[in-house]
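J.: Have a look at this one before I ask anything.
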Amino acid sequence: MPSEKDRAKKNLVQRLALKSCLAKETLSEFLGTFIMIVLGCGSIAQAVLSREKAGGIITINIGFATAVVMALYATFGVSGGHINPAVSFAMCTFGRMEWFKFPFYVGAQLLGAFVGAATVFGIYYDGLMAFADGKLLITGENGTAFIFATYPKPFVSVPGAFVDQVVSTMFLLLIVFAIFDSRNLGVPRGLEPIVIGLLIIVISCSLGLNSGCAMNPARDLSPRLFTALAGWGFEVFTFGNNFWWIPVVGPMIGAVLGGLIYVLFIQMHHSNPDPEVKAEPAENNLEKHELSVIM
């Protein structure tokens, strides 16, 4: 028989456990986005602060993509692992998530990204102070703001940067929709995060030059706000012809466009396009995963 201590411990766990599904999902999105930012921006910080002696563009692309993979494995079964307001927006737009959850998901993602940026700043504080004699600069050879948020190259125009964000996020969601389409080739259960990681690597390697390939409003806006408050100043919002809004608005449009293209070109032409008829989930499938991203 369990001891009094074991029963007390079990009762404590039961009391602390969240009962609300929405609360669980919100907490999951916060944690997932936090993981992504700490490990992803951490890979950038390591490369920048070592002046590329401990990393470079390859390690950044692989590091950030792997950070997303780890975040997805941590959250898929609870919230669907969106960790991106653009993904949540697309899921709501195409009826894969209820709209009332949208502000909770986005709020958790924004907060998780902000706390993640603060964590990276704390971990690399000494390195940041030593990098440019204590100066926190946005641009130049001693610039460090792009550890946290994306900035356009000098040759990129505002329209060009906007199209860049729309197109890169369009490809992200187009392929994500394909990955979770049970009537297409699909991906073996449990390997979806790895394939998404590979997708992020190829997008970063092919469409990342112009403005850093954010594809995620939370990944860019919250860390940018943190840098504004932490010492880089509010020039982080005006730099690049007020570039800050482009990684926020562009991915939202691109996400819906990518989903729409997949639906119009592939999904609606399946032999059984009726959305009411769906394959029964296997016993080991996680319900939240099905509710969030099932095609």
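Note: Cβ is positioned from N, Cα and C throughout, glycine not excepted.
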J.: State, for Phe94 and Phe237, whether Swiss-Prot gives them the same topological domain name and hence the same side of the membrane.
T.: no
J.: Which stretch, out of 1-15, 211-225, 271-285, is listed as intramembrane segment by Swiss-Prot?
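T.: Comparing 1-15, 211-225, 271-285 with Swiss-Prot, intramembrane segment matches 211-225.
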J.: Can you work out which residues elsewhere in the same chain, 6+ from the ends of the transmembrane segment (161-178), have a Cβ less than 8 Å from its Cβ atoms?
T.: 86-87, 90, 152, 184-185, 196, 199-200, 203, 207-208, 210-211, 213-215, 240, 243, 246-247, 249-251, 253-259, 261-263, 266-267, 293, 295
